[in-house]
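Encoded as structure tokens, the structure appears first; notes follow it.
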Amino acid sequence: MSKIVIGLSGGVDSSVAAYLLKQQGHEVIGLFMRNWDSLVNSDILGNSSLNQSLCPQEQDFQDASRVAKQIGIPIYRVDFIKEYWDSVFENLIEQYQNGFTPNPDILCNKYIKFDKFFNYAIEKFGADYVAMGHYAIAKEGNLYRGIDQSKDQSYFLTQVRSQVLEKVIFPLGNMEKSEVRRIAQEANLYTANKKDSTGICFIGERKFTDFLQNYIPTQPGTIVDITTKKIVGNHIGAMYYTLGQRKGLNLGGMKEPYFVVGHDLEKKQVFVAPASEKKWLTSNWLFAQNLNLNNHDFNPENLSAKFRYRQKDVRVKVEFLENDQIKVYYPEGFEAVTPGQQIALYDGQKCLGGAVIKNIYWNENELNYSV
């Protein structure tokens, strides 16, 4: 049997993953990770957790500790607050300030969970493997989709290196979410009925723009209808708006919904178009960088991609360039492919890796609208 350190988050998924590993006879060690401190990081605006006697992360640790005791495994905790700030959060803020929409979960997996946390588990505890409660499958350094397609998290793991995946176990990869809940309830685990977390845990129920205002000052400007060149509203900061966004525009009295098609940060303008004008949002190829390709054994005629989580697969052709850059073609077109987001590449069930979307195009024209 192996010595396995598992990331215990205080949620039902990692709880069941730890339980299953223990049932299999492994030596299991729970490790709780904290990446955020609201006071240290000046996270004040709209942060209701500051008024609570027990902050959400401490509640999660208590839940994880109760589960560890039930299962009969030790649990430890480790802080990566500075590392998260330096490697993930400053990157996140810089991307927003430059007009991109990054994915913090992918950055956290790349720099913290499967780097700092992974190395700590191996070096501190002498672990043979590191386990997580993700819905994905790692096998011989390769990454595959989780069996439960509605919960598959391979998209978020596209920047994890193959050398790391060789020592990673995802006990839930071959399971449906309903089965995970059933096991938790039958084992009477403390987290059996705990609600699934969504989004970035330390933001809580706040709007993401409210959270960002702690770190990126508001820069009010105008909202411009790209089809008429007329000002139709005002905004608090162009960098807060993402391609394809419909909610939060506060455009009253319009005949139909509008969506964001671009912005000009220098002129402090956000450009929108009516929902019926899909051409302003549709691209058919993209340029991406920072490619992490874990598997070179694939059928180039069978490639598909996801441009965001829980999106349907899109058939693509990929042109591999130098310096970890790629061009990806999808001739039928797709709406709201967003610069800054991750493109995940697949060959059937195998997730080959991913890259960060830099530019999007319709034929020869870059979709970067201005007036």
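Cβ coordinates are placed from backbone N, Cα and C, and glycine is handled just like the others.
Reduced to three states, the DSSP call for Asp13 (ATP binding site) is helix. Under the heading ATP binding site, Swiss-Prot lists Gly7, Leu8, Ser9, Gly10, Gly11, Val12, Asp13, Ser14, Met33, Gly133.
Feature annotation from Swiss-Prot assigns active site, nucleophile to Cys108; the stated evidence is sequence analysis. According to DSSP, Cys108 (active site, nucleophile) sits within a helical segment. Residue environment of Cys108 (active site, nucleophile) contains 23 other Cβ atoms, counted within 10 Å of its Cβ in all protein chains.
Taken from Swiss-Prot, the feature disulfide bond applies to Cys108-Cys201, supported by sequence analysis.
Under the heading site 'Interaction with tRNA', Swiss-Prot lists His134 (among others), citing sequence analysis as support. The Cβ of His134 (site 'Interaction with tRNA') lies under 8 Å from the Cβ of Asp13, Gly146, Gln153, Phe156, Leu157, Phe170, Leu172, Gly173, each of which sits 6+ residues away along the same chain.
The annotation active site, cysteine persulfide intermediate is assigned in Swiss-Prot to Cys201.
Take the CB of Gln341 (site 'Interaction with tRNA') and look out to 10 A: across all protein chains shown you find 23 other CB atoms. Residues or ranges marked as site 'Interaction with tRNA' in Swiss-Prot (evidence: sequence analysis): Gln341 (among others).
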All-chain count of other Cβ atoms within 10 Å of Gly11 (ATP binding site): 20
Cβ neighbours of Asp13 (ATP binding site) where a neighbour is any other Cβ within 10 Å: 26
Distance [Cα-Cα, Å, rounded] between Ser9 (ATP binding site) and Gln341 (site 'Interaction with tRNA'): 25
Cβ atoms near Met33 (ATP binding site) (within 10 Å, other residues, all chains): 23
Pairwise CA distance, Gly7 (ATP binding site) versus Gln341 (site 'Interaction with tRNA'), rounded so that it is a whole Å: 26
